[in-house]
Amino acid sequence: DENLTDRSPFLKLRRWQWWLLVAINILFLIAGQAAAVLLGRFYYDQGGNSTWMATFVQTAGFPILCIPLIFLHPSQKLETSTSSTYPSIKIVALLYFVLGLLVAGDNMLYSVGLLYLSASTYSLICATQLAFNAVFSYLLNSQKLTALILNSVVILSLSAALIAVNEDSDGPSGVSKGKYLVGFICTLGASALYSLLLSLMQLSFQKVLRKETYNVVLEMQIYTSLVATCVSTAGMFGSGEWKGLQDEMKGFKSGRVSYVLTLVWTAVSWQVCAVGVVGLIFAVSSLFSNVISTLSLAITPLAALLVFHDEMNGVK
């Protein structure tokens, strides 16, 4: 509506241009997230078992974002600033470092969750992030809690509980009930942390960076991903998982080339998704970004049904 458009940082855009920008970011988020989840499940199904590698590829594709950042002409950087003073480099570096650590932890939780859950169950549990984000948006971003938002919180929380106690919930072959529970808890924790990250990003734009341009959005994604990638790399070497990567590639069921392509396209898909997420936070709000993420998580189980023939029982 008019009020939503007026509150957007892109005040210099015409109404149709603003909607086009939002639509492009929605497409990036939905397509990127669905493809990344399916490729992540494919990696595990074909013999991959490194959770640190699965965590690494979620942010390792960040150099792709340097291309639009380099070629973005200054005149194309639409800007609205709430303050003429930009924070010091130390404050910005600390902000990106803290957000990067949170991203790395969140990605690890998601990797463990996807290891022990089917793609459809994983995606449905991830939908609880909207409920978490409603709470964090209320506490951190002054988002009003309407009856519709409270309704979604109750329904999604109940849905997650039903999946957790559902005896017919399917997991990958060889996964015990204990590991299934670990996967559920990690995915639920990752959803909560992801929601907190979205609200913190929105708060960062409003209170810390206070300079809203296209390049600031890209820089936030690039630098936080750089930190998260370094943490994942350190974790891979510190845990010793890197020693088994060559054997993992040799034992990959669909071949070595498929192994490399799976990791590369997973990394690309996550970056496409990330552009959509941050773009929607920037153009609208963290809550709206999470709403679209939840829409994607409703589409992913249907894709998993076709690709991996996941079971779709009554509770799901």
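Placement of Cβ uses the backbone N, Cα and C atoms for every residue, glycine included.
Feature annotations, courtesy of TrEMBL:
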TRANSMEM  18-44  transmembrane segment
TRANSMEM  50-72  transmembrane segment
TRANSMEM  93-116  transmembrane segment
TRANSMEM  122-140  transmembrane segment
TRANSMEM  147-165  transmembrane segment
TRANSMEM  180-201  transmembrane segment
TRANSMEM  259-282  transmembrane segment
TRANSMEM  288-308  transmembrane segment
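Counting C-beta pairs under 8 angstroms (sequence separation of 6 or more), the transmembrane segment (18-44) fails to reach the transmembrane segment (147-165), with fewer than 3 such pairs. Only sequence-distant pairs (6 or more apart) were considered; of these, fewer than three Cβ pairs between the transmembrane segment (122-140) and the transmembrane segment (259-282) are under 8 A, so the stretches are not in contact. Within the chain, the transmembrane segment (288-308) has long-range Cβ neighbours (under 8 A, six or more residues past its boundaries) at 26, 29-30, 33-34, 37-38, 41-42, 45, 118-120, 123-124, 126-127, 129-130, 133, 195, 198, 276-278, 280-281, 316.
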